[in-house]
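Enquirer: After the structure tokens below, expect a handful of questions from me.
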Amino acid sequence: MTKKVYVKTFGCQMNEYDSDKMVDVLGAAEGLVKTDTPEDADVILFNTCSVREKAQEKVFSDLGRVRELKEANPNLIIGVGGCVASQEGASIVARAPYVDLVFGPQTLHRLPQMIDKRRESGRAQVDISFPEIEKFDHLPPARVDGPSAFVSIMEGCSKYCSYCVVPYTRGEEVSRPLDDVLTEIAGLADQGVREVTLLGQNVNAYRAGLTLGSTEIADFAQLIEYVADIPGIERIRYTTSHPKEFTQRLIDTYAKVPKLVSHLHLPVQHGSDRILMAMKRGYTVLEYKSVIRKLRAIRPDLSLSTDLIVGFPGETEEDFDKMMTLVHEMKYDTSFSFIYSPRPGTPAANLHDDTPREVKLRRLQHLQATIEENVQRISDSMVGKIERILVERPARKDPNELAGRTENNRVVNFPAPVASHARLIGQMVDVKIVKAYPHSLRGELVLVHDEAPATTH
């Protein structure tokens, strides 16, 4: 009987990518197939996030829920990976003795060996080392089911923002060799992928030799240009970038590479220079706005999303007002906004924080309401327009409809005959937007672009 693996993913798109690789590794080595129900699984993995305390505690809550499955089936393997694993290490096993594996983001390729050792020794296996970029040399070829795919181009972060745990859990910035990245993307294109999202904690820090042993270095702008030349790739996205390293070369790429979408996620974190300095972000509000101004001079239709932290230690009402001023000025398409969560081991965790939680909550609610108003305003402005979308899949709520995304990352659902679904998935189509909902759009099919073959499923 075929054995199965269940993976629950917390956090960022890097973790989503890593979770897919866990399935690929175990599929290639052990013949496991993915299941969406933990009750059916022979291996249960939690790919964790430690950016906020709430996400970290959710992991232990979920571990408690699968404990009964372990008691009913002692052969069940339970593993904890990701950033919580890197941070907590063997203490996870001390807190939850039924956990069999603890592994970091850089050691997921060792999962088959860790499972074997666990079965042989009867002891929990912990491997949270940082073996540079080794994991990419041991991963099987990427497998995809759809026209969009994530591709990790680098690991780690070297910025050491005062509030952030990522450099401690994922290590310093290490870029994948250029030819490795391009080979993976070319392989994905051969499988019908039309859109790639280049992933990293700080993608615009990418630096890699043009060829093995080469002294000539390719930066992130060059990488994008090379990706755009790969046959079959029609759209390029990336996340996440850092304002400090948003170079003029990268800005110029928006003029040179039409396949680079007019959507950018550029975390600002705050709108007060005083708070940005305390966060050790390395730029001012004016410098951030300068980047956006230059980009919008090239792409007036640029859609912008960001990350914002409310209630950082010492944040005053004046600081928050400056954040709101920036939000209004930038006209963000969306944002990921949260109340500051102190992370153990980071410098900011030692800062005095005397702002009452109810004040932080009020500020967050005001911020999010303002962003939502802007999101709806942008969506409403799209009604009546023709948008080119990449058809990705059947719509989740209605199997008679298809779904895809616009350049500015809006999900569009539109009716299409079921008999046409296989042909349309993976195609670029023009859709007229007829209605705007809070988190999606509804459209009508206008034109199918036949410049590339449909994906095979």
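Cβ coordinates are placed from backbone N, Cα and C, and glycine is handled just like the others.
As annotated in Swiss-Prot:
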- 3-120: domain 'MTTase N-terminal' (DOMAIN)
- Cys12, Cys49, Cys83: [4Fe-4S] cluster 1 binding site (BINDING)
- 143-377: domain 'Radical SAM core' (DOMAIN)
- Cys157, Cys161, Cys164: [4Fe-4S] cluster 2 binding site (BINDING)
- 380-447: domain 'TRAM' (DOMAIN)
Enquirer: Does anything in the same chain, at least 6 positions from Cys83 ([4Fe-4S] cluster 1 binding site), have a Cβ under 8 Å from its Cβ, and if so what?
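Expert: Result: Gly11, Asn15, Thr48, Cys49, Ser50, Val51, Gly104, Pro105, Val165, Val166, Thr169, Arg170.
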Enquirer: Could you please provide the mean pLDDT value for the domain 'TRAM' (380-447)?
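Expert: Average per-residue pLDDT within the domain 'TRAM' (380-447): 95.
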Enquirer: Just to verify a number: CA distance, Cys161 ([4Fe-4S] cluster 2 binding site) to Cys12 ([4Fe-4S] cluster 1 binding site), in angstrom, no decimals.
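Expert: Roughly 17 Å, rounded to the nearest whole number.
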Enquirer: What is the separation, in Å, between the Cα atoms of Cys164 ([4Fe-4S] cluster 2 binding site) and Cys12 ([4Fe-4S] cluster 1 binding site)?
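Expert: Answer for this pair: 14 Å between alpha carbons.
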Enquirer: Could you count the residues of the domain 'TRAM' (380-447) that DSSP puts in helix, in strand and in coil?
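Expert: Counts, helix then strand then coil: 10 helix, 35 strand, 23 coil.
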Enquirer: What does the structure give for the C-alpha distance between Cys12 ([4Fe-4S] cluster 1 binding site) and Cys157 ([4Fe-4S] cluster 2 binding site)? Integer Å is fine.
Expert: 14
Enquirer: Using a Cβ cut-off under 8 Å and a sequence separation of 6 or more, which residues in the same chain sit near Cys157 ([4Fe-4S] cluster 2 binding site)?
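Expert: The list for Cys157 ([4Fe-4S] cluster 2 binding site) reads Cys164, Val166, Pro167, Arg170, Glu172, Glu173, Gln201, Asn202, given in order along the sequence.
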Enquirer: Neighbours of the [4Fe-4S] cluster 2 site Cys157, Cys161, Cys164: Cβ within 8 Å of the Cβ centroid, same chain, sequence order.
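Expert: Leaving out the recorded residues gives Lys159, Tyr160, Tyr163, Val165, Val166, Pro167, Gln201.
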Enquirer: Counting by DSSP, what is the helix, strand and coil composition of the domain 'MTTase N-terminal' (3-120)?
Expert: 69 helix, 22 strand, 27 coil
